[in-house]
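Per Swiss-Prot, these features apply:
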SIGNAL    1-16  signal peptide
TOPO_DOM  17-130  topological domain 'Cytoplasmic'
REGION    131-153  region 'Internal signal sequence for glycoprotein N'
TOPO_DOM  154-582  topological domain 'Lumenal'
DISULFID  Cys229-Cys239  disulfide bond
DISULFID  Cys250-Cys281  disulfide bond
DISULFID  Cys402-Cys413  disulfide bond
DISULFID  Cys420-Cys425  disulfide bond
DISULFID  Cys506-Cys511  disulfide bond
TRANSMEM  583-603  transmembrane segment
TOPO_DOM  604-673  topological domain 'Cytoplasmic'
DISULFID  Cys691-Cys731  disulfide bond
TOPO_DOM  691-1159  topological domain 'Lumenal'
DISULFID  Cys771-Cys965  disulfide bond
REGION    777-783  region 'Fusion loop'
DISULFID  Cys788-Cys814  disulfide bond
CARBOHYD  Asn794  N-linked glycosylation site
REGION    819-830  region 'Fusion loop'
DISULFID  Cys934-Cys947  disulfide bond
DISULFID  Cys1029-Cys1101  disulfide bond
CARBOHYD  Asn1035  N-linked glycosylation site
DISULFID  Cys1039-Cys1042  disulfide bond
DISULFID  Cys1049-Cys1083  disulfide bond
CARBOHYD  Asn1077  N-linked glycosylation site
TRANSMEM  1160-1180  transmembrane segment
TOPO_DOM  1181-1197  topological domain 'Cytoplasmic'
Amino acid sequence: MYVLLTILTSVLVCEAIIRVSLSSTREETCFGDSTNPEMIEGAWDSLREEEMPEELSCSISGIREVKTSSQELYRALKAIIAADGLNNITCHGKDPEDKISLIKGPPHKKRVGIVRCERRRDAKQIGRKTMAGIAMTVLPALAVFALAPVVFAEDPHLRNRPGKGHNYIDGMTQEDATCKPVTYAGACSSFDVLLEKGKFPLFQSYAHHRTLLEAVHDTIIAKADPPSCDLLSAHGNPCMKEKLVMKTHCPNDYQSAHHLNNDGKMASVKCPPKYELTEDCNFCRQMTGASLKKGSYPLQDLFCQSSEDDGSKLKTKMKGVCEVGVQALKKCDGQLSTAHEVVPFAVFKNSKKVYLDKLDLKTEENLLPDSFVCFEHKGQYKGTMDSGQTKRELKSFDISQCPKIGGHGSKKCTGDAAFCSAYECTAQYANAYCSHANGSGIVQIQVSGVWKKPLCVGYERVVVKRELSAKPIQRVEPCTTCITKCEPHGLVVRSTGFKISSAVACASGVCVTGSQSPSTEITLKYPGISQSSGGDIGVHMAHDDQSVSSKIVAHCPPQDPCLVHDCIVCAHGLINYQCHTALSAFVVVFVFSSIAIICLAILYRVLKCLKIAPRKVLNPLMWITAFIRWIYKKMVARVADNINQVNREIGWMEGGQLVLGNPAPIPRHAPIPRYSTYLMLLLIVSYASACSELIQASSRITTCSTEGVNTKCRLSGTALIRAGSVGAEACLMLKGVKEDQTKFLKLKTVSSELSCREGQSYWTGSFSPKCLSSRRCHLVGECHVNRCLSWRDNETSAEFSFVGESTTMRENKCFEQCGGWGCGCFNVNPSCLFVHTYLQSVRKEALRVFNCIDWVHKLTLEITDFDGSVSTIDLGASSSRFTNWGSVSLSLDAEGISGSNSFSFIESPGKGYAIVDEPFSEIPRQGFLGEIRCNSESSVLSAHESCLRAPNLISYKPMIDQLECTTNLIDPFVVFERGSLPQTRNDKTFAASKGNRGVQAFSKGSVQADLTLMFDNFEVDFVGAAVSCDAAFLNLTGCYSCNAGARVCLSITSTGTGSLSAHNKDGSLHIVLPSENGTKDQCQILHFTVPEVEEEFMYSCDGDERPLLVKGTLIAIDPFDDRREAGGESTVVNPKSGSWNFFDWFSGLMSWFGGPLKTILLICLYVALSIGLFFLLIYLGGTGLSKMWLAATKKAS
C-alpha cells in the first residue's frame, strides 16, 4: 500500500506537469517515495478524473500484453507492486504516443521503492486544455496528496500552530524547549503523538485548531485545582476519581497524561521521575535503561478554539442515559446497564463538560487570524534568522505583524487569494508568506437544536449507565391473583383484568388445551381422570398482559364420578348405570321405548300408504311376539313347577292342599342348580393390569447363585417391553432362587410430547440508529473532486474514525450540500456532509428465531431400579440413554404433524417461547422479522458488525448542516409478546415443552412405543432379612375402557424401606409399590374393561403372603367423541386396544342389579311401564285434542 500511494501521487504530479507543457512532444520523468502507508481510494478517484483513454493496452514487465480499461488500471498497479519479478508496467491508448509508464525500482535506505512515471502526449491534445482546466486538475491532485489523513506528520504547516503554540504542562521540568512553542523542525512528543495515524482522528481532521495544552496556555481553558495528581499520593483525589471512570490506554515511556475534566478544566496525572505510566494509565512503573518521553499523553480526542458563546444555561439530555462518568444526568430507579462507550462532549464558556447524545459539526470558513498560517524561511534574506543554514527549514511567522487592509503592520506579507482579501499583500520583497489553513474555520455543534460554538469538542471512552427503557421479558410467573374453580362442566380460571386467549392444563402427565376469543375467563376440560380423582392441575395461560404468560396451580378435591359425569342424554351418561336413579333409569327406558314405538308406527304407516304387503310385514312381528309369549309361558311354568316341587319336598303342599300334620321325612336329593345355567352363559371374566406392561426376566439373561442366606443374580442380555401409557408403568420382574425373592425394574411414563426438531435459527433484537454528521467545504479535508458522490458505505470519514473503529454495525454516507459564502465556504463547489451511522441495541436482551423442520415424539420416563433409586430421563425416537445397570432405548411407531412451515418460533432464553405467523426466511428482508440477524446472543447485544442486514434499512434526510436518520424496523419483542405460547394454529396447540426446553405440539394422536433394556453384567442382591409390611385397600377411582385407567390406592405400613408386591391367584396381575418406614398411602394406575371390579390379590414384603381385596365401581368417560375441537391433547402412548364392550357392560349391569333374572325382570318391567305410559299419553293427548276440536267446531258454527 505504501508503494502504491507513491505511484498514484507521482502519476498525478506528473500529469499536472505534462498538462502545462506546450511542447510538441515532451517526455517528463518524476520520482517519488513515501515512508507511510496510505489508502489509495481518494487518489485513484482523482486519477480517473484525468482524461485517460477508455481502453488501455498494458504491457507488464514486457512479458504479456493485456487489454484493460482505465477502471481496471487500479488492479494492474497492484499487480506490479505485489508481484515479484514484475518491474514495470506500460499502458497506452489507441495512439501509441499516449502512454503511461511506471517503473518499479529497488529499495533504497528507508524508502520502499523508487517509481518513475513517464507520460507522452501530443501537443495538440495538450493545447486543447485551457488554463482553467489545468487549475481544476492540479489543485485536486495536490489536495489529495496534502490532505490525506496519514501524511499529517509530513505536512510541515501542521506544526505552524495557532496562538502561542505551547504544548507542555507546567511543572514538568524535563519538557523539551521545542514544545515552547512547537516549531517546524523540533520534536515535541506531546504534539507529535496527536499526528500518529489512527490515534486521534478527530484532531487530525481539525489539526489547525488548538490542542488542549495550547488552549490552556492561550487562556481558553483553565487548569484544574490541583492541576496535576501524583498517582502515588492521589488516593481520594477528585481528579483521580474522574480518571478511573475513563477507559484509557497509554503508550510506553510516558510519565504524564492529561484530559479535560468534568468541570471543563484541564487535569493531569503523573508519575515521579524515572517512572512511566502503565498501559491502563492507572499505575506507575519503574523501568531501568529506558528513556522517558518528555511530554504528556492526551487521554481524549479533542480540539479547542476561542469562543464567547455562553453555556451556563445550557441543558442537554441524553436519551436513556442516567450517568456518564462522574456526571449524573438523571435519577434512575429501574434496572441499569453499565458499559464503556465512546461519548462526544463539548465545553462552553462558563459551563462544565457537556455530554452529547450525538455530534453534529459544521465548519464556517472565515478570515480570522487563526485561519491562516504564516511562515518564513530560515536563512531568508532580511528574515528573523538570516544567518546561513545547513538545512532548508521553515519558521513560523506571527500574523499579527502583517498589516490588515486599511491598517498598519510592521512587516510586509504576501500570500494566497484568501489572505490578500483580508490583509495588505505587498508587491515588494515580502518578509513572510501566509495562506489559508484548510479546515481552520469556526466549528459549531448542534446542542438542543441550536448551533453553538464550543471552546472544546471531542470524544472519550467512559463509563455510561443506561436505563433499560423497555422492560425485559419477564419469566413465566405464577398468577397469584387469579381465581380457579373446579366446576362440574370444567376447570374455570378467572383473571383480574388481563384477557386470556389460550391455556394448557396438565395433571399426572396428561395435558388438554383450550383456546378462545380473548376473555378474562376460560374454561378447560379436566385432564385425564383428575375431575373425579382430584389433585393438583397446572395451568399455563397466554394473555394480553405485560408479562408474556402466566401459570397457576389449581387444586381440585376428589368428587363422586357420578356427580361430575351426570350427563343423561349423552352416550357415557346412558351406559353409566351405576350413576342412575330409578327415575332417571325409567326416563331413559321411556325415551328409547317411545322412539322405538314411533319409528315402528311411522314405518307401518309408510308401508300401508305405499300398499307394500302390510299384512305380510306384520306376520314376522306376530311370529316373534308369539315366540316371546311361548318362552315366557315356558319359563313361568318351569319356575312354578320348581316351586311346587320344593314345596312338596318340604311338606308345605301335598296335592295342592296344605298339610298340617307332622312334616314328612326329607329325602336325600342332589343340590338344586338354581340359576347356574344362566350364570354360566353370561359370565365374562374381567381383565386388569397394574404394571401396564409386565415381563419376567428370562433364564437366558439371568444367572443366580446363593451365598448363605443371600442370593445374587447377574443380568446380561436384552429385554423388550412395551412402554406404559402416561401415568402407568412398565415393569421387569426379576425372581431369585426362592419364591419370596422378587424385585422389579419400573419404568413409569411421566409424559409424552410431540417436540419440535429445530432447523435453521438466528438471533435478533431491537436496534436504533445513531448518526454523526460533519459538513466540510470543498477542498477541505476529504471533500474534493467527486469523492462525495463515490463515497462507499464501508469508508469512514477521518473525523469519525475514533467512533468508527468499534465493531458495531455501521455505515457511512456523504451528501453534497451547497457551497459558497452563503454556506460558509470560500469555494463555490458543493460542500460535503459526511455522515457516520451506527446501530445500537435498544434492549439488553436478544431473541432466537427458529423453524421446525420436523416434529418428533419424545417420552419422559421415571426409572426406579432394583434398589429403589429413581432417575428421570428423556427419550426420543431411536435414542438411547445409559444407566447404572445398562442402557434403555426407545422405538416408536407414530405419525408426525404437517402444516407448520407457514410459521416460525421465537425463544427468549430461559423465559419462554412465542409463535410467529410468517414462514422462516433464510435471508433478511425489509418489513419482516429478522431484518437484522446475528449468529449469537452476544452479537445482538453489541450490535456486532458480523450481523446480516436487509438493504436500505436506514433512511436519511440531509438538511445542509445536519441530518436525520430513521429506521422502520419490526420490533421482535412486540411480536414475541403478541404470540407468546400457548397458541392454537391449524387446529393444533403449541406450547413450551416440559422444563421449558423447547416447543411441543398438542394433537389428538397416539404412538406405539417399545423399550429395549440392555443389561451389562448387572448384579442384583437379595438380602436374607426382608422388611415386613401390612397393606389395606383404600379406594378405586377412575374409568374403565379408557387410556387414563383407574387409580388403586393402598395404605401401607412398613418396618423399613422396601417394596410391596401383589399378584392375583393365577399370577396374571401384579402391583408394585414402594414401602417406607411408617404408614403411607401409595397409588398406582391400573386398566380395567368392566365397570364392576372385584379382584383378590396376595401381597407380600417379606415372602409371607396375605390376601388383599380390590373392589370398586368404575365409570365410562366419553367412549364416543366425534366432536371437532381446536387444539388437542397430549399424545397417547400405547392406547389400549380394547374399547368399550357391550357384553362386558351387560355383565356389570347384571352384577349391579343382583343377577340375570332380576336384571331381565326389571328391564321388562321398565319397558312395559314405558309402553303403558306412552300409550296413556297418546290417549290423553288424543282425547284432549278431540275435545278441543269439537269445542272449536261448535264455536265456529
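Here the Cβ of each residue, glycine as well, is placed from N, Cα and C on the backbone.
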Self-check item: Other CB atoms within 10 A, centred on Cys425 (disulfide bond)
Solution: 20
Self-check item: Number of other Cβ atoms within 10 Å of the Cβ of Asn794 (N-linked glycosylation site) across all protein chains
Solution: 10
Self-check item: For Cys250 (disulfide bond): intrachain residues, at least 6 apart, with Cβ closer than 8 Å
Solution: Ala257, Leu277, Thr278, Glu279, Asp280, Cys281, Tyr297, Leu299
Exercise. Rounded to the nearest Å, what's the C-alpha distance separating Cys1039 (disulfide bond) and Cys1049 (disulfide bond)? Just drop the number here, would you?
Key: 14
Quiz item: So what pLDDT does the region 'Fusion loop' (777-783) average out to?
Solution: 86
Quiz item: What residue among the disulfide-bonded residues Cys413, Cys420, Cys1049, Cys1083 has the most other CB atoms lying within 10 A of its CB?
Solution: Cys413
Quiz item: Against which stretches of its own chain does the transmembrane segment (583-603) lie, if we need a Cβ under 8 Å and a gap of at least six residues from its ends?
Solution: 568, 574, 577, 1163, 1166-1167, 1169-1171, 1173-1174
Quiz item: Counting Cβ atoms within 10 Å across all protein chains shown, which of the disulfide-bonded residues Cys229, Cys788, Cys934 comes out on top?
Solution: Cys934
Quiz item: Of the recorded positions Cys731, Asn794, Cys965, which one sits closest to Cys947 (disulfide bond) when you measure Cα to Cα?
Solution: Asn794
Quiz item: Per DSSP, what is the residue count of the region 'Fusion loop' (819-830) in each of helix, strand and coil?
Solution: 3 helix, 0 strand, 9 coil
Quiz prompt | Cβ packing number for Cys511 (disulfide bond), 10 Å threshold | solution = 27
Exercise. Return the member of Cys413, Cys788, Cys934, Cys965, Cys1029 nearest to Cys425 (disulfide bond) in space, with distance defined Cα to Cα and candidates limited to these disulfide-bonded residues.
Key: Cys413
